[in-house]
Amino acid sequence: MTTECDKCGRDAVHYAAYSGAHLCQEHLCRSVEKRVRRRIREDGLLSDDATPEEPETWVIGLSGGKDSVVLTHILDETFGKDPRVDLVALSIHEGIEGYRDASLDACVDLCEDLDLRHEVVTYEEEFGVRMDDVAEDDPLNMAPCAYCGVFRRDLLAGYAAEFGADKLLTGHNLDDEAQTALMNFLEGDVKQVAKHFDASLGSFDAREDSEQFVPRAKPLRDVPEKEVALYARFRDLPAHITECPHASEAYRGEIQQLLLRLEENHPGVRHSIMSGYEELAELAARDNREEQGASENAPDSLGECERCGSPTAGDVCRKCQLVDAVGGD
Ligand code: SF4
Ligand code: ZN
């Protein structure tokens, strides 16, 4: 026997145990869209100062995976015709044979469909390296993702600033966020907890005061991964699904399995982890700030990397150190 959609009585395709809702294709999609829009509203993403004469620029990190494709699609539906917002999609090619070419095709298709400005930058042009070679040489004996994550964050932040972005948006979903939260807990990393608040939760006004960073936002962070995947399928979006051949975050994989098991037995646990985590992050960030107010290490007193000019606490930023190590330029 099939279950009926709570909203319309058609066949339900999804049961959300954390809310008790049975939903058909159409109502699942609408519910995802509603949550993303509510998140954008509650986060105050669109500032009151944005006008058709002086619109805000939002740069979207578009990898071609389901999360960023869904985010881009919903942002375009919501703001594509709003003269107060200019959307720019930014894709990064890491130099991973086969894998990234296919997902870039998905990005190109989507942006053509939506008539959206699309920029592509490559590790090869920017740093003179390809991830396939980095993974093979691995001079510092780390996981490939440890290099790749630093390079990607550097390019997203640098290009967002270059495009004059007011916000940098990424497609992290509820599962991603709950995994990261749990990993930071388990590693006892309070500084990272505080950063979570500074990077994606603090009021945008406060963050705009700090000129070195484009404020970040994660509008999908209330939506479970599975619902993002269903949305991409039901809306027939050109998302790319294979996994990167260098994916090596074994610890994250373990946490992911643990969380899925917990969620099955205790529906809603991802949501409650995140609401507790966000409260803690705010406290930790406040504490941090008070401490920094008394010392010279305040965030605004970050120096500039002597190679590339990015904000850093040392002389040479982490990205430039890694580029050096892997023999880039
Ligand atoms: Fe880079 Fe790791 Fe992602 Fe592959 S899985 S693209 S190596 S961060
Ligand atoms: Zn640097």
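Glycine residues also receive a Cβ, built from the backbone N, Cα and C atoms like all the rest.
Caution: TrEMBL annotation is automatic and unverified by curators.
Look at TrEMBL and you will find Gly61, Leu62, Ser63, Asp67, Ile92, Gly171, Asp176 tagged as ATP binding site. Packing around Leu62 (ATP binding site) is summarised by its Cβ count: 30 other Cβ atoms lie within 10 angstroms of its Cβ, all protein chains included.
What TrEMBL lists as Zn(2+) 2 binding site is Cys305, Cys308, Cys317, Cys320. The number of other CB atoms found within 10 A of the CB of Cys305 (Zn(2+) 2 binding site), across every protein chain shown, is 19.
Remote same-chain residues near the domain '2-thiouridine synthetase TtuA-like N-terminal LIM' (4-29) are listed as 224, 227, 230-231, 234-235, 263-264, 267-268, 270-271 (criterion: CB distance under 8 Å, separation of at least six residues from the stretch ends). Look at TrEMBL and you will find 4-29 tagged as domain '2-thiouridine synthetase TtuA-like N-terminal LIM'.
Taken from TrEMBL, the feature domain 'tRNA(Ile)-lysidine/2-thiocytidine synthase N-terminal' applies to 58-232.
According to TrEMBL, the region 'Disordered' annotation covers 286-314.
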Original post:
Which three-state DSSP class does Gly61 (ATP binding site) fall into?
Top reply: strand
Original post:
Of these binding-site residues, Asp67, Asp176, which scores lowest on Cβ atoms within 10 Å?
Top reply: Asp176
**OP:** Tell me the Cβ neighbour count for Gly171 (ATP binding site), meaning other Cβ atoms within 10 Å of its Cβ, over all protein chains shown.
**Re:** 23
Original post:
Can you count helix, strand and coil residues in the domain '2-thiouridine synthetase TtuA-like N-terminal LIM' (4-29) using DSSP?
Top reply: 5 helix, 8 strand, 13 coil
Original post:
What other residues of the same chain, not counting Cys305, Cys308, Cys317, Cys320, have a CB atom within 8 A of the CB centroid of the Zn(2+) 2 site?
Top reply: Glu306, Arg307, Gly309, Ser310, Thr312, Val316, Arg318, Lys319, Gln321
